[in-house]
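Undergrad: Swiss-Prot feature annotations, pasted as is:
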- 229: active site, proton donor (ACT_SITE)
- 253: active site (ACT_SITE)
- 386-392: disulfide bond (DISULFID)
- 25: N-linked glycosylation site (CARBOHYD)
- 42: N-linked glycosylation site (CARBOHYD)
- 82: N-linked glycosylation site (CARBOHYD)
- 99: N-linked glycosylation site (CARBOHYD)
- 149: N-linked glycosylation site (CARBOHYD)
- 269: N-linked glycosylation site (CARBOHYD)
- 301: N-linked glycosylation site (CARBOHYD)
- 311: N-linked glycosylation site (CARBOHYD)
- 428: N-linked glycosylation site (CARBOHYD)
- 431: N-linked glycosylation site (CARBOHYD)
- 215-236: repeat 'PbH1 1' (REPEAT)
- 238-259: repeat 'PbH1 2' (REPEAT)
- 270-291: repeat 'PbH1 3' (REPEAT)
């Protein structure tokens, strides 16, 4: 399913209420006494020097304005890491270079991120008009340049690193990000009414994560993410994260925790996550946890609730033996795991993709997402792969109403979620027909 009309996006956004803060309030605009308008060359030159100049001169207590309907060429990376109490009014449209070789040269020289924004109380405000406020990255050409059985060409930039606190991000819009849309780090951040459109008309858009999140008190709501990787990926150390009233799809990899434990020496620490009232369309995954064999740490108190899925291959998926088709790992302790505790999956409804399961990210045989799964039927409502009989504790499922498109009974794959540690699991942990207890 492809996003082809901005009117459709506008309709979806207009159907949800405005979101409020995530626990902190950004500073009053009255304290931002300086208004700085970014001038545009109107397409005749590179506007990066002007943008960098304005960010440098107006780094504190300012409103930085990209004018509505105006185009800006951002042909060089922008780095503004000393911001404080700044509102970025993104009412224009930013255009990245369409010269793939030029961008790869910049990335290979050591600059991996196109926009780097850091500082407390850095707000981003786009316009309600869905035709403006876009960052246009022209990723389609990059995706189409990927060779057969490749997983994305080298030299792809991350679009944005956004590190802040006590901030709001409203009406952020990203069109065809090349890869890795936004790395969002910090505390007390509210994101609302964002659009990330990484749907492809050709080759698969590898690594087009929408939001990679790390921090405390972060809320993402009322947004649309169509992409070829995680809509949200929560990393360590993260606490009190909310993802609600969103629509995600295309060939999304869903609402994910991790991956965790790739570095066996790092202790993963994640608590209090809630994913609620989310629609998932044509995705590979809906709710997903992924950690590597040999990892260590604890993820505790996680809920996915009121999740509607349409044509999703794996609606509920847990693996403590995550596999990356581009990475080889040897010498890890196979009995070590990132521990999972107090996980709830509640009120799931909709259809399991039985007819055309999987997605375009398959570059190996077997596909990375099928590796290690016995006798897949693509009727599975749940896949629960615990690494040991002690690594999953207090798992709960309630009101799981998922049906395969072939209209057979839903099935389950479950490994080592023991009844002793999971008395309210809601079904028998075995491989076969899914039957609620």
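Indices start at 1 and increase along the chain as displayed.
Cβ coordinates come from backbone N, Cα and C, glycine included.
These figures come from a predicted structure and were not determined experimentally.
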Undergrad: Under 8 Å between C-beta atoms and at least six residues away from its ends: which parts of the chain pack against the repeat 'PbH1 3' (270-291)?
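TA: Sequence-remote neighbours of the repeat 'PbH1 3' (270-291) are 1, 230, 232, 234-261, 297-320, 322, 337-338, 340, 343, 345, 348, 350, 353, 358-359, 361, 369.
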Undergrad: Please identify, from the disulfide-bonded residues 386, 392, the residue with the sparsest Cβ neighbourhood, meaning fewest other Cβ atoms within 10 angstroms.
TA: 386
Undergrad: Would you mind listing the long-range same-chain contacts of the repeat 'PbH1 2' (238-259), meaning Cβ under 8 Å and 6+ residues beyond its ends?
TA: 1-3, 12, 16, 19, 22-23, 198-200, 204-205, 210, 213-232, 268, 270-292, 299, 302, 304, 312, 322, 324, 338, 359-361
Undergrad: Rounded to the nearest Å, what's the C-alpha distance separating residue 42 (N-linked glycosylation site) and residue 431 (N-linked glycosylation site)? Just drop the number here, would you?
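TA: Residue 42 (N-linked glycosylation site) to residue 431 (N-linked glycosylation site), Cα-Cα distance: 61 Å.
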Undergrad: Would you mind giving the whole-number mean pLDDT across the repeat 'PbH1 2' (238-259)?
TA: 99
Undergrad: Residue 269 (N-linked glycosylation site) to residue 386 (disulfide bond): how many Å between their Cα atoms?
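TA: Here the two Cα atoms lie 18 Å apart.
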Undergrad: Looking at the recorded positions 82, 301, 311, 392, 431, whose Cα is closest in space to that of the residue listed as 'active site'?
TA: 311
Undergrad: Sorted by position, what residues of the same chain at least six away from residue 428 (N-linked glycosylation site) have a C-beta under 8 A from it?
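TA: The answer is 414, 435, 437.
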Undergrad: To the nearest whole angstrom, state the Cα distance for the pair residue 149 (N-linked glycosylation site) and residue 301 (N-linked glycosylation site).
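TA: With distance taken Cα to Cα, residue 301 (N-linked glycosylation site) is 38 Å from residue 149 (N-linked glycosylation site).
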